[in-house]
Amino acid sequence: MIPAARISAAIEVLDDIATRRRPAPDALKDWGLAHRFAGSKDRRAIGDLVFDALRHKNSSAAVAGGDDGRSVMIGLFFHHRGLDIAGLEKLFSGDRFAPEPLTDDERATLASDALSSAPDYIRGDYPEWISPNLARVFGDNVVAEMQALANPAPLDLRVNTLKAEADHAASELTAAIGRAPERPALSTLCLRLPLEPGTAEPHIASTEPFLKGQIEIQDLGSQLAAEFAGARPGMQVLDLCAGGGGKTLSLAAAMQNHGQIFAHDSDRRRLAPIHDRLTRAGVRNVQVRTPRPNSDVLDDLENRMDLVLVDAPCTGTGTWRRNPDAKWRIRPGSLAERNKDQAIVLASAGRYVKVGGRLAYITCSVLDEENTDQIDAFLAANPGFSVVPPQAVVEAYEQESMNILGPAVRLMSNGLLMTPLNSGTDGFFVSVLTRNS
Ligand SMILES: C[S@@+](CC[C@H](N)C(=O)[O-])C[C@H]1O[C@@H](n2cnc3c(N)ncnc32)[C@H](O)[C@@H]1O
């Protein structure tokens with residue numbers, strides 16, 4: 001397909017997503033089924049265009065003066081990809097398969113710099129309804145924070161120290177994919193592969209270091225969040241919302257396979273992949289506690305844990321770099337629902353912490369309602385717990401890892417916030433509490 005035909009296809013898919021409120025992957029799949037002549041390269045290019053357009057939907061539409069797929073694509077090429085009007089006219093030529101030529105109105109709007117006076121939610125590319133929530137956490141910096149959250153994320157890998165030293169894993173990876181990973185300053189255990197739309201993502205799961213368990217795919221924010229929990233060899237640890245086990249594997253490595261981790265999740269299907277992952281990573285100190293009907297599979301752990309990790313269900317606003325479709329699909333009702341889940345899971349977690357033990361609460365959301373507010377509510381209901389000062393959590397990590405976090409991590413009243421703008425990671429919140437009585 002010629003480039004202009006790919007743009008026409010992307011416009012069609014964007015309109016389908018908007019009018020039928022469909023998830024982007026479903027709309028792309030249907031387009032592929034209905035246009036079987038399109039090869040895999042074309043389909044990937046169209047997918048890149050659609051996801052890039054979703055990243056920058058509001059700002060692109062405003063630049064071109066409309067709100068349909070066509071306006072978004074015009075604005076995307078003009079504002080975000082730096083094409084001038086002459087360049088746009090070559091693509092929007094009206095030739096066979098190409099989108100219709102630019103109208104006089106479109107040309108005039110492109111020349112008018114409509115974006116400079118647009119509201120924050122347009123310039124920052126997020127849904128209008130969530131503006132008060134984001135303004136509450138980011139204040140005057142909201143547009144810069146949200147623009148960073150709209151950009152593509154790198155592919156981050158965590159070196160599994162149970163299987164390999166970081167330098168060794170880095171050189172094995174370089175040999176496997178023909179490209180050396182970056183080494184972000186915040187962690188010696190992170191290997192980073194920057195990605196851009198249009199570049200094929202290396203298939204990590206088929207590389208030798210991955211198959212040998214030396215590396216895991218995990219955003220640096222998630223890696224740091226698990227580190228901040230402070231798991232140490234010999235501890236008794238409950239990973240209450242273990243899901244597929246991303247954090248469980250980090251905890252096991254931090255504990256050097258010594259002590260005991262109990263991995264649980266209320267959804268057995270989410271927990272299922274953990275078994276294979278533990279084996280591949282060489283983890284030997286995890287007991288998986290799969291839920292069973294009419295049975296409390298954790299009752300023997302009450303008041304016994306040195307550390308309870310709550311990787312809470314959340315809206316995932318911090319992961320919008322990886323899933324730009326999600327930011328347009330989230331509804332006010334989902335925030336309220338997740339808040340209820342968070343209160344339930346936190347209340348449950350408190351029961352397992354021993355006196356002198358810790359509770360680490362993590363979300364991949366940047367919203368105070370899911371973060372600081374939840375911790376404040378938990379502390380009000382549980383006076384036996386208190387906050388470990390966020391500065392102390394940072395210092396403990398810096399001492400242990402010899403990496404300096406500095407301003408990369410924002411200190412909140414009762415926890416730490418990482419964002420793409422500050423730390424170059426997905427958005428993550430971590431609060432660490434201790435049980436005093
Ligand atoms: C953010 S995900 C966990 C991701 C996982 N820790 C990882 O690192 O791969 C949140 C998990 O919480 C689980 N969950 C929700 N409510 C729960 C509850 N009341 N008790 C235990 N798990 C719960 C969900 O099933 C989901 O798997």
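The backbone N, Cα and C atoms fix where each Cβ goes, glycine too.
Unlike curated entries, TrEMBL annotations are predicted automatically.
Pulled from TrEMBL:
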ACT_SITE  Cys364  active site, nucleophile
BINDING   Asp265, Asp311  S-adenosyl-L-methionine binding site
DOMAIN    145-436  domain 'SAM-dependent MTase RsmB/NOP-type'
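Comparing Asp265 (S-adenosyl-L-methionine binding site) with Cys364 (active site, nucleophile), their Cα atoms are 17 Å apart once rounded. Other Cβ atoms within 10 Å of the Cβ of Asp311 (S-adenosyl-L-methionine binding site), summed over all protein chains shown, number 26. Counting in whole angstrom, Asp311 (S-adenosyl-L-methionine binding site) lies 8 from the residue listed as 'active site, nucleophile' by their C-alpha atoms.
For the residue listed as 'active site, nucleophile', the same-chain residues lying six or more positions away in sequence with a CB closer than 8 A to its CB are Gly221, Ser222, Cys314, Gly316, Thr317, Gly318, Thr319, Asp426, Gly427, Phe428.
The predicted model assigns the domain 'SAM-dependent MTase RsmB/NOP-type' (145-436) a mean pLDDT of 97. In three-state terms derived from DSSP, Cys364 (active site, nucleophile) belongs to neither a helical nor a strand segment and is classed as coil.
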